[in-house]
Amino acid sequence: MEFIDYAYYALYWVERAVILGIVIAAVWGAIQVAVTRDDAFMVIDRSKQNWLLILGGAGLAALFLGLLLPQPMTIAWIAAAVVVGVYWQDIRPAVRDVLDNSSDW
C-alpha cells in the first residue's frame, strides 16, 4: 500500500471516532435532560421535551447515518455535532446555573 492509502485509512477511522464521540455526547446529554427538573428549562425559556427529542434525534442520526453506513452521510453527523454542541455550550450551562442558584433563597 502506498502512503496515500494509509492516509485515507487513518482518516476513515478518525472520522468514525469523531462520529462515535458525537453519539456518546448526544446520548449523555439526552440522559441529563431526562433527569433534570422541568422548571429549570422553563426558567431559561426552553422546553425539556424539545431538547430531549432534539438530542435523541441527533444521536440516532449520527449513529445510523454516520456510523453504521459503509459510506457515512457527512451532512447528518455534522448537523448532529452542531446540535450537540449547542446543547453542551449553551443550554447545559444555563440549566446548571439555574440549578446551582435555586437554593440561594
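The backbone N, Cα and C atoms fix where each Cβ goes, and this holds for glycine too.
If you look up TrEMBL, you'll see 6-31 (among others) marked as transmembrane segment.
Here the transmembrane segment (51-69) has Cβ contacts under 8 Å with residues 16, 19-20, 22-23, 26-27, 29-30, 33-34, 41, 76-77, 79-81, 83-84, 87, 91 of the same chain, all six or more residues outside its ends. Annotation comment: TrEMBL describes 51-69 (among others) as transmembrane segment.
Annotated transmembrane segment per TrEMBL: 75-91 (among others), in sequence order. Outside the transmembrane segment (75-91) by six or more residues, the chain places 18-19, 22, 25-26, 29, 33, 44, 46, 51, 54-55, 58-59, 61-62, 65-67 with a CB less than 8 A from a CB of the stretch.
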